[in-house]
Amino acid sequence: MGSMCIAMAPRTLLLLIGCQLALGFNEPLNVVSHLSDDWFLFGDSRSDCSYVENNGHPAFDWLDLPQELCHSGKISAKSGNSLFKSFHFTDWYNYTGEGDQVIFYEGVNFSPSHGFKCLAEGDNKRWMGNKARFYALVYKKMAYYRSLSFVNVSYSYGGKAKPTAICKDNTLTLNNPTFISKESNYVDYYYESDANFTLEGCDEFIVPLCVFNGHSRGSSSDPANKYYMDSQMYYNMDTGVFYGFNSTLDVGNTAQNPGLDLTCIYYALTPGNYKAVSLEYLLTIPSKAICLRKPKRFMPVQVVDSRWNNAKHSDNMTAVACQTPYCLFRNTSSGYNGSTHDVHHGGFHFRKLLSGLLYNVSCIAQQGAFFYNNVSSQWPVLGYGQCPTAANIEFIAPVCLYDPLPVILLGVLLGIAVLIIVFLLFYFMTDSGVRLHEA
């Protein structure tokens, strides 16, 4: 159909316009896809083929991922997990993958339905904010890097106090960052403490810097039973750069004054020697980091909406985190409705959305994927690849530069058509005048 439109364009501009507008040719597909075979997907149970194969779900009805991709080597997924959950907690999976075009379909396994709070009177909304900030940095950085993996971070602490698991609930225990207990020779938490850690082996490291966002009560060994304001920082000993912040809210961990919980900011740090410093309350040190390697030319990541069926409470933090130009968000117009296994897996519309992984496309854009690169009923917004209506599209942040040649050619054709029409009108008018004169 596209070849016919191009072949007929010199004969009539109207047919070309008809192909583009009236027929809606080459409309963007609401799928997640890729420009080449150099792609990778990070997922959870909806793309965890190993879980399906080991548990014998018939016809792979558990998955949203096309079954044909199960042994492609392009998937890193774990049932019941997510990048955020693995980054912060003891229940983790070693997500590892590499590709030019990176796709994320995970995140739902840490949501309001789990209701995680550090403390009894904590605030799950704080953790939703942490989740959004975490994914925002991951998405942005993976638009510039090929490889993502997890690494452990070792530290050196000069005191005698040991790590403490202060932040946990019935199912999850936080171990990133690591909390160092109060030294026994201090009667309260009003003292400065520090520890050294080294980041090496990656181009950049994503690490958390977290503080309790209010007034923290001291331990039972604190005779004054005081409240403390948390203050943490990281200091790059090679460059002299500080990263840090203090708690600012008037909240606590009591029924009368609830809301005390961890607020985390995420930094992409370069390799080097660092010092973690606490000016008051507990010293925290990163124990895990996301390792970013192999810089690449800019390529936006694609994120598929990760949510439960309406029977469970979901959040939209991955959508909040996925911002253009470095991230393109994919969603469906309907809720998640699972098929034969349960309501949370094997959703028809999400299977259709992920079916685009079975083939390459010419262009990915904000509206979706364009299969052809010649003409389209819609001009690609933030397009990347060989996009329709342009011979070449390159991203120079944040402006798309379109090749003007097709537009120039259309203008030339329009000019020629006008000249031909004028010539024919003049010819027939002259010919009619001659015939009338002869008659």
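Positions of Cβ are set from backbone N, Cα and C atoms, glycine also.
Swiss-Prot records N-linked glycosylation site for one of Asn109, Asn331, namely Asn331. The disulfide entry in Swiss-Prot for Cys118 points, among Cys49, Cys167, to Cys167.
Per Swiss-Prot, the residue from Cys327, Cys363 that shares a disulphide bond with Cys387 is Cys363. Taking CA atoms as the reference points, Cys210 (disulfide bond) and Ser45 (active site, nucleophile) are 29 Å apart. Reported as a whole number, the C-alpha separation between Cys202 (disulfide bond) and Cys322 (disulfide bond) equals 24 Å. Cβ neighbours within 10 Å of Cys327 (disulfide bond), excluding its own Cβ and spanning all shown chains: 23. The Cβ of Cys118 (disulfide bond) lies under 8 Å from the Cβ of Ile166, Cys167, Lys168, Asp169, Leu174, Phe212, Leu260, Asp261, Leu262, each of which sits 6+ residues away along the same chain. With helix defined as DSSP H, G or I and strand as E or B, the region 'Esterase domain 2' (282-395) counts 16 helix, 31 strand, 67 coil. For the pair Asp342 (active site, charge relay system) and Cys264 (disulfide bond), the Cα-Cα distance reads 34 Å.
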